[in-house]
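Here is the structure we will look at.
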Amino acid sequence: MGNCCRSPAAAAREDVKTSHFPASTGGGKKKPHQARNGGGGGGGGGGGGWEKKRLSVLGEEGSEVNGGIEEKYALDRELGRGEFGVTYLCMDRCSRELLACKSISKRKLRTPVDVEDVRREVAIMRHLPRSASIVSLREACEDDGAVHLVMELCEGGELFDRIVARGHYTERAAAAVTRTIVEVVQLCHRHGVIHRDLKPENFLFANKKENSPLKAIDFGLSIFFKPGEKFSEIVGSPYYMAPEVLKRNYGPEIDIWSAGVILYILLCGVPPFWAETEQGVAQAILRGNIDFKREPWPNVSDNAKDLVRQMLQPDPKLRLTAKQVLEHTWLQNAKKAPNVPLGDIVKSRLKQFSRMNRFKRRALRVIADHLSAEEVEDIKDMFKVMDTDNDGIVSYEELKSGIAKFGSHLAESEVQMLIEAVDTNGRGALDYGEFLAVSLHLQRMANGEHLRRAFLFFDKDGNGYIEPEELQEALVEDGATDIMEVVKDILQEVDTDKDGKISYEEFVAMMKTGTDWRKASRHYSRGRFNSLSIRLIKDGSVKLGNE
């Protein structure tokens, strides 16, 4: 149902202390949710018709607030936005406690399934026992326009964003995070709940401290289950989806698979199964080949790799349970796990935008040159706003101050990568072309057609491969001087089958490395999943109910 209580709350806390919130109901801002229902109190049959047919979502799971949510809570700035709802910083008018309020517009609950999802989310959050690792629900209520879930405020940001900022964790830190995630899974399973949407974005840190508690959020896709019960509905996020979900025959074991995917990402910075298309991702999951050859895996302990393998066991009957994961040698000896920052390798991939990324940047420039004016209009406007002295480049300082103006549109991870791209630019600034290339990389604007066109640009002889000479030629055009060394580094990183040249698949993999897979992991609709499932059945990748 979308993330709650995202990190801008930390800044908001100071604003609250300086009287952003009204002291009384009458002084508050307009009630945003009442206005959304389209049947306001202004008159005519429209309003009356809505009242007669008013949708009651929560039933016994919640309470009515006839005067609107702001009778009890003062709403402030927006903290996050999901498919169905918006999360606001809010304050309890009586206790003055700062909380998060996820408001789900009733207009977006178009089907009985949507309504049931919200009702079940509340029921599950009430059903699960209090835990330091699960965000607590304070109140669930509804008014004419929306359902409101008031919960504790988490100010430390997403696990997702910390992974991006660091590149990846040390083994010791990854073990601590994995333990928390699997303890949440164990608690859910013991109480008859499958989470069904475990991913880094659905874990928030309570505060900004390094040792902050990690909390699970968003039970919007969770479901109650009984021992032996199987489900067929395809839900979740593609990169974290277990193979039996795609086969439409699954149980609680899927949460262990998703936790295994998160562990893999914590250790190396990218997911184990990914491809250019949704169907490609699904087929990679069904194949189940896990890459432990690429850096930094040679430096990861055998115990860590063993746990990843057992959590990503394709057969759910053989996959570890939550209890078995917690008893695994690697987690049992977590305090002895290597504390060496493995992240230097992956973080440097994200940070540099040089060496391998010099080639990638060249490819992005090729793509940018062929984009329509409409496709780059927003990026061009952003560049103009940030280039305050109109000198045609965005300096480090201009970028930092400009980010604040666009803060609501850029995730922390994107901000971090933009700044780091400038740091390693050489001149400490971005011209428009470089800014456009970085933005393309961050916003995942390069689709299959764009990538194919860029590949053909480099594959001068049309033999289906980018060979060292062609790579050399491309880098000469881009002004590189240490060409032979750069070509060697690029091939070392991109040429995964070590045949001395870059195939289209390897080129696409290079272009996808970075933030794009994270963008793609956000909520996918049931309709798209059903279409994907049909395609997989038609091409023979999946046989229904086949484990």
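We count from 1, first residue shown onward.
Using the three backbone atoms N, Cα and C, a Cβ is placed for every residue, glycine included.
Residues or ranges marked as region 'Disordered' by Swiss-Prot: 1-53.
Per Swiss-Prot, the feature N-myristoyl glycine maps to G2.
Among the features that Swiss-Prot reports, domain 'Protein kinase' is placed at 73-331.
The feature ATP binding site is assigned by Swiss-Prot to L79, G80, R81, G82, E83, F84, G85, V86, T87, K102, with sequence analysis given as support. Within 10 Å of the C-beta of L79 (ATP binding site) there are 24 other C-beta atoms, taking all protein chains into account.
If you look up Swiss-Prot, you'll see D197 marked as active site, proton acceptor, on the strength of sequence analysis. When secondary structure is read from DSSP and collapsed to three states, D197 (active site, proton acceptor) falls in the coil class.
Sequence annotations record features per position, and here Swiss-Prot assigns Ca(2+) 1 binding site to D387, D389, D391, E398. Around D389 (Ca(2+) 1 binding site), the C-beta neighbours below 8 angstroms that are at least 6 residues distant in the chain are E398.
Taken from Swiss-Prot, the feature domain 'EF-hand 2' covers 410-445, and the record attributes it to sequence analysis.
Marked as Ca(2+) 2 binding site by Swiss-Prot on the basis of a curator's inference: D423, N425, E434. E434 (Ca(2+) 2 binding site) falls within a helical segment according to DSSP. Here the Cβ of E434 (Ca(2+) 2 binding site) has 21 other Cβ atoms within 10 Å, regardless of which shown protein chain they belong to.
Taken as a whole, the domain 'EF-hand 3' (446-481) shows an average pLDDT of 82 in this prediction. Annotated domain 'EF-hand 3' per Swiss-Prot: 446-481, in sequence order.
The Ca(2+) 3 binding site annotation in Swiss-Prot covers D459, D461, N463, Y465, E470. Using a 10 Å radius centred on the Cβ of E470 (Ca(2+) 3 binding site) and all shown protein chains, the other Cβ atoms total 18.
Feature annotation from Swiss-Prot assigns domain 'EF-hand 4' to 482-517; the stated evidence is sequence analysis.
The Cβ of E506 (Ca(2+) 4 binding site) has V494, D495, T496, D497 as same-chain neighbours under 8 Å, each 6 or more residues away in sequence. Residues annotated as Ca(2+) 4 binding site in Swiss-Prot: D495, D497, D499, K501, E506.
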For the binding-site residues listed here, D391, E398, which shows the highest count of neighbouring CB atoms within 10 A?
E398
Report the nearest neighbour of D461 (Ca(2+) 3 binding site) in space among the binding-site residues G85, T87, D387, E434, comparing Cα positions.
E434
Those residues of the chain, 6+ apart, with a Cβ under 8 Å from that of D197 (active site, proton acceptor):
D218, G220, L221, S222, V235, G236, S237, Y240, S258
Provide the three-state secondary structure of Y465 (Ca(2+) 3 binding site) computed with DSSP.
strand
Integer Å distance between the CA atoms belonging to Y465 (Ca(2+) 3 binding site) and K501 (Ca(2+) 4 binding site):
6
I need the CA-to-CA distance for E470 (Ca(2+) 3 binding site) versus D499 (Ca(2+) 4 binding site), whole Å please.
15
